[in-house]
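Working notes for the structure below.
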Amino acid sequence: MAGRTSLQVVWFKRDLRASDNTALARAARHGPVLPLYIVEPALWRREDASGRQFAFLAECLKDLSRALARLGQRLVIRVGEAVAVLEDIRLRHGIAGLWSHQETGHLASFARDRAVASWARAHAIPWYEFPQDGVVRRLASRDGWAERWEAAMSAPVVPAPQALAPLGAVRSDPLPAAADLGLSPDPCPARQRGGRAHGLAALDAFLATRAERYRRGMSSPLTAPDACSRLSAHLAFGTLSLREVAQAARAARERARTDGQPGRAAGLAAFDKRLHWRSHFMQKLEDAPDLEARAMHPALDDLRPRTPDRARLEAWMRGETGLPFLDACMRALIATGWINFRMRAMLTAVASYHLWLDWRATGRHLARLFTDYEPGIHWPQIQMQSGVTGINALRIYNPVKQGRDHDPQGRFIRRWAPELAAVPDAFLHEPWRWAGAGRVIGRDYPPPIVDLATAAREARARMAEARRSEGFREAKALVLARHGSRRGARPRRGGGGGDHRQMALDL
Ligand SMILES: Cc1cc2nc3c(=O)[nH]c(=O)nc-3n(C[C@H](O)[C@H](O)[C@H](O)COP(=O)(O)OP(=O)(O)OC[C@H]3O[C@@H](n4cnc5c(N)ncnc54)[C@H](O)[C@@H]3O)c2cc1C
């Protein structure tokens with residue numbers, strides 16, 4: 001059937017927008033376009049998938065379909081395994097070309113892409129894949145990577161096609177309900193809304209005003225929800241492209257400079273750096289797709305028991321560890337689907353060091369809670385904050401100190417841990433030290449799950465022992481060569497080197 005068709009299938013994945021979509025723009029020049037989104041049940045059955053992510057996706061698809069309908073052809077949604085869906089379309093309509101963006105995703109999407117590539121080859125269908133995240137496929141060396149990133153971010157934004165030829169009758173499935181995909185109920189009352197219109201609104205507000213507060217406000221969970229850009233979920237689902245965000249931010253920074261607004265300009269410079277980090281981290285997963293399963297440094301892969309202590313894991317997951325600031329952060333994340341970088345790092349570090357839980361299990365839980373789950377940022381960050389990369393400095397965050405630094409009056413704790421209402425301000429960060437603790441601790445709120453100082457000491461000793469193991473330095477050099485940033489890295493006395501830029505994250 002496929003013989004003389006000119007149908008171009010544009011497979012939308014994590015690029016849910018019509019503008020700055022190279023795959024869509026290029027396909028439209030070649031023939032009639034079938035814009036396709038495949039809901040893949042197997043991917044939604046994974047342990048890192050969640051109802052909040054699916055709800056965000058549903059909003060993005062609705063918005064995208066409206067945008068495409070305005071161009072002439074609405075989005076076609078199909079539910080099924082990717083190869084089966086594409087084969088069905090090929091048999092019914094023929095496919096002249098398959099167009100998409102490259103995806104740096106989890107292991108299941110990687111395997112699925114390989115299956116699609118071999119299906120396309122078998123049917124002599126060309127599959128055109130375009131980069132979109134500043135990530136380089138089949139990268140031989142990190143040397144020169146930053147320059148390539150600059151070039152990708154400076155390339156002109158691609159306009160949406162002027163029109164899409166209407167296709168007539170093409171089957172589109174209704175979007176399944178989350179429960180039909182086996183997703184558990186996942187209430188997230190303060191979740192961000194999906195769709196390009198919401199993404200653009202967040203971008204505009206950040207560039208125009210909120211960037212002024214960015215550097216000052218990013219570290220505290222009280223101020224970060226407003227001070228940070230809140231673009232992560234939009235970048236993860238691709239309602240906005242990284243390039244358009246980078247270019248808009250750079251233009252706004254220029255304006256801030258010429259208008260004499262140094263605070264806003266500095267905020268936008270810090271933001272630009274993070275867009276670069278985004279790609280830097282995603283490149284790690286692109287280069288080593290199994291980072292969700294295996295530690296970067298082989299000697300650190302089995303550091304913690306693979307089957308984590310169930311009671312500790314569940315207490316951490318629910319925000320019931322008896323450590324008020326940590327619990328408040330986890331509960332806020334459960335209710336909103338987002339928390340700031342520093343608190344993500346703290347949640348991970350306490351789980352990995354003080355509670356000595358395997359990073360794979362805790363990483364999957366956090367992935368489910370993040371509306372903005374982006375495997376290419378998530379897994380390298382989880383590994384880094386758990387000390388299993390072998391190339392980063394250990395950061396064993398103390399949640400009491402973090403609380404005192406970033407929630408000095410305890411407002412955040414009071415909001416998310418109302419059981420502690422009776423505890424006086426002076427003891428809110430360590431209520432077990434309060435003389436009246438017996439009235440609350442062990443009744444309405446649990447005692448601390450570990451003694452923080454002892455647990456940190458033990459973790460540090462275990463890490464030091466692992467780092468002394470035979471062959472550790474040699475393996476570390478290989479990790480550094482493969483994944484380390486070259487930007488700003490300086491040779492270190494005594495050899496070995498380190499990922500300096502990441503160690504110096506200006507938190
Ligand atoms: C353990 C852990 C897991 C994380 N998992 C994710 C994830 O699944 N998805 C995700 O988008 N971010 C993740 N991050 C990075 C960071 O916390 C979020 O990108 C940020 O909090 C999102 O909010 P924002 O868009 O307002 O960020 P902003 O501070 O406004 O930054 C703008 C964008 O830059 C990128 N970015 C910011 N900080 C980092 C960073 N440290 N590393 C890489 N990219 C960065 C993101 O794309 C972000 O949207 C994780 C961090 C940690 C410590």
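Glycine is no exception: its Cβ is also placed from the backbone N, Cα and C atoms.
Residue counts for the domain 'Photolyase/cryptochrome alpha/beta' (6-135) under DSSP, helix first, then strand, then coil, are 60 helix, 25 strand, 45 coil. The domain 'Photolyase/cryptochrome alpha/beta' feature in TrEMBL is assigned to 6-135.
The FAD binding site annotation in TrEMBL covers Y214, F271. The local packing around Y214 (FAD binding site), expressed as other Cβ atoms within 10 Å of its Cβ over all shown chains, amounts to 24.
Taken from TrEMBL, the feature compositional bias 'Basic residues' covers 483-493.
Among the features that TrEMBL reports, region 'Disordered' is placed at 483-507.
If you look up TrEMBL, you'll see 498-507 marked as compositional bias 'Basic and acidic residues'.
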How does the model score the domain 'Photolyase/cryptochrome alpha/beta' (6-135) in terms of mean pLDDT? 98
Students should find that the Cβ of F271 (FAD binding site) has, within 10 Å, a number of other Cβ atoms equal to 24
